[in-house]
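Annotated domain 'MARVEL' per TrEMBL: 30-174, in sequence order. Positions annotated as transmembrane segment by TrEMBL: 34-53, 65-90, 102-125, 145-170.
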Amino acid sequence: MSAGGASVPPPNPAVSFPSPRVTLPAGPDILRTYSGAFVCLEIVLGGLVWILVAASNVPLPLLQGWVMFVSVTAFFFSLLFLGLFLSGMVIQINANWNFLDFAYHFVVFVFYFGAFLLEAAATSLHNLQCNITLSERPLLSDNQYRINVAATVFAFMTTACYGCSLGLALRRWRP
């Protein structure tokens, strides 16, 4: 009971949810930020890694299978991440987007760094001789070698972009 004799109704729980915690702009304005630019670069460069590894006919599936998995998965999740910001859905979903941004980029950075190392290892096996059908030949043809070199360079560049996004996300999460 209040002082005037009338009781105050409890707040409606449907309207009392806290607002989402996000410091990045929603909508097309995300593309004007460094974080938005890095996510676009991650998508483009990660797509190139995916295409180049697939174009090499994956001569070392044990090593390059992980590279394909990481590049394809990160490509689609980065598209989803960018799509959520472009559509403005981050404003409507109650979550700590600053932490989710940091956690996502941390996990993908670690996975992509491992994928970069595996792609570099696969490329370094160019001169390894293997005995197939009683004739020794290099494990990778010259064309596969050139494609794998390009994939390694783009995997490094993609890893660097995820690292920059991770640093920016850490700054937003821990001001």
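Using the three backbone atoms N, Cα and C, a Cβ is placed for every residue, glycine included.
In TrEMBL, annotation is done automatically, which means it is predicted and not curated.
Looking at which of 34-53, 102-125, 145-170 has the most CB pairs under 8 Å to the transmembrane segment (65-90), the answer is the stretch 34-53. Residues of the domain 'MARVEL' (30-174) grouped by DSSP class, helix first, strand second and coil last, total 116 helix, 9 strand, 20 coil. On the 0 to 100 pLDDT scale, the domain 'MARVEL' (30-174) averages 89 in the predicted structure.
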